[in-house]
Amino acid sequence: MFSLALRARATGLAAQWGRHARNLHKTAVHNGAGGALFVHRDTPENNPDTPFDFTPENYKRIEAIVKNYPEGHQAAAVLPVLDLAQRQNGWLPISAMNKVAEVLQVPPMRVYEVATFYTMYNRKPVGKYHIQVCTTTPCMLRDSDSILETLQRKLGIKVGETTPDKLFTLIEVECLGACVNAPMVQINDNYYEDLTPKDIEEIIDELKAGKVPKPGPRSGRFCCEPAGGLTSLTEPPKGPGFGVQAGL
């Protein structure tokens, strides 16, 4: 039988992992991924008649994208063209997916499959600044909870909500691949890393002022270097021919 200490530890771990499982569900729900949410339901803001068309500039970009693939394989361009639609519109209504299918001459279902699989495609409107807080294990161990709590208090919204002025949307996401710089958040295309609650408040203040905060670590270190500085690769690499026998 488990000792009382082991039982308590197991209970604590179960609660912790249960919370993060719920967070994953929240992320999936917000992005329109998972389970029954693969089924589209028309709403006043998201239906086949929702106005959407690419700009002339983006039609030219699509032509350039399609040329990267062999003739007859334009379906390979679904991901980048969906991304282009989202960058133009801010999110992907079903009408945008239909337009992508029309432009690439593929069945609409092929586009729906992609748009519902990747959570990076936003199937509901988001704010001008889409704040994605990583709460996976490495960030959690580096106190990402305090970052999330600070954002909720600062913005006056909960996870999955958008501020009334449509400026900020806040969601939780799974690993963003910057574990060595935990805790971190992604805001639109930029990573902000090595965060403290004070850092994230300053970032929000800059965004509210119309500025673009400098992305990357806030701790002063370069990229993902060790906090104490480099311990290897401390000098420029040797030139061509280094270590090669003179007769070769």
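Cβ coordinates come from backbone N, Cα and C, glycine included.
Listed in Swiss-Prot for this protein:
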- 1-31: transit peptide (TRANSIT)
- LYS60: N6-acetyllysine (MOD_RES)
- CYS134, CYS139, CYS175, CYS179: [2Fe-2S] cluster binding site (BINDING)
- TYR192: phosphotyrosine (MOD_RES)
- 229-248: region 'Disordered' (REGION)
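Note on the region 'Disordered' (229-248): DSSP counts are 0 helix, 0 strand, 20 coil. Around the Cβ of TYR192 (phosphotyrosine), the number of neighbouring Cβ atoms within 10 Å comes to 23. In the three-state DSSP assignment, the secondary structure recorded for CYS175 ([2Fe-2S] cluster binding site) is coil. Secondary structure from DSSP puts LYS60 (N6-acetyllysine) in a helix. Taking the mean position of the Cβ atoms of CYS134, CYS139, CYS175, CYS179 as the [2Fe-2S] cluster site, the remaining same-chain residues with a Cβ inside 8 Å of that point are THR135, THR136, THR137, PRO138, SER144, GLU174, LEU176, GLY177, ALA178, ALA182, PRO183, MET184.
Mapped onto three states, the DSSP output places CYS134 ([2Fe-2S] cluster binding site) in strand. Counting neighbouring Cβ atoms within 10 Å of each of the binding-site residues (CYS134, CYS139, CYS175, CYS179), the lowest count belongs to CYS175.
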